[in-house]
Amino acid sequence: MEKRERHFVLVHGACHGAWCWYKVTTFLRSAGHKVTALDLAAAGANGKRLDELNSISDYHEPLMKFMTSLVAGEKVILVAHSLGGVSVSVAMERFPQKISVAVFVSAYMPGPDFNLSTVYQELHQRRQGASKDTQYTFDRGSNNPPTSIIFSPEDLAAKLYQLSPPEDLTLATTLMRPTKLFRGENLLKETTVTREKYGTVRRVYIVCDKDNILKEDFQRWMIKNNPSDEVKVIMGSDHMPMFSKPLDLCAYLQEIVESYS
């Protein structure tokens with residue numbers, strides 16, 4: 001029986017862009033699927049500047065515009081990596097009828113009873129995330145919280161890409177852009193999700209067991225507090241499975257789409 005084409009929508013994490021999915025995009029297209037890898041605002045090749053982003057809604061606007069553009073009856077598979085999980089969660093809340101399944105790949109996964117502030121606080125308490133080598137910008141002065149972040153070459157090599165091919169690390173150091181940091185009540189309001197909408201979309205979480213920035217115990221803590229329909233594990237993957245274990249990631253994505261589409 002001929003396989004039906006599915007449409008994967010790939011959403012990158014902080015400081016990255018659509019470029020980070022080049023291996024996954026190539027593999028899925030060669031398998032007969034349609035793939036859209038998006039650049040969020042002021043990321044990748046997107047033309048926006050950081051100072052044009054006033055809220056996290058501005059940041060994930062390209063994904064929301066894309067979801068709005070889908071024709072009636074069309075459903076996509078949303079794949080989120082890292083910080084992309086926040087944008088995908090909001091898309092699930094706004095467009096549940098347009099999503100067949102959402103896949104969180106070592107990604108932030110807030111939920112109806114588990115907001116983004118709780119996720120960030122737990123990450124901070126575990127002393128995970130970016131290190132002292134990370135480069136921050138303080139556009140509102142050094143007495144105020146930082147306004148943007150970009151991973152240092154040291155963080156990339158030790159925490160994100162430690163098991164990835166060196167040429168992909170070089171690619172990242174060439175193409176990365178800073179990510180705006182959003183805070184306050186508006187952040188929580190704009191990322192709130194509900195059981196009635198977000199909760200109706202099926203979710204799969206893919207754990208990366210050798211992730212040095214969102215460690216496995218933190219990933220499983222999110223899953224425990226906001227259970228997904230299924231959990232898969234990529235063994236021997238750093239934070240960037242699209243580089244360190246691209247075939248394993250693509251195999252899982254194809255399994256998921258067969259089960260949930």
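A Cβ is built for glycine as well, from the same backbone N, Cα and C atoms used for every other residue.
Remark: Ser82 (active site, acyl-ester intermediate) has His12, Gly13, Ala14, His16, Val105, Ser106, Ala107, Tyr108, Leu214, His239 as non-local neighbours, by Cβ distance under 8 Å and separation of at least 6 in sequence. Among the features that Swiss-Prot reports, active site, acyl-ester intermediate is placed at Ser82.
The annotation active site, charge relay system is assigned in Swiss-Prot to Asp211 (among others) on the grounds of similarity to another entry. Residues within less than 8 Å, Cβ to Cβ, of Asp211 (active site, charge relay system) and separated from it by at least 6 positions along the same chain comprise Ser106, Gln219, Ser237, Asp238, His239.
In the three-state DSSP scheme, His239 (active site, charge relay system) is classed as coil. Among the features that Swiss-Prot reports, active site, charge relay system is placed at His239 (among others).
Marked as domain 'AB hydrolase-1' by Swiss-Prot on the basis of sequence analysis: 8-251.
Within the model, the domain 'AB hydrolase-1' (8-251) shows a mean pLDDT value of 94, rounded to a whole number.
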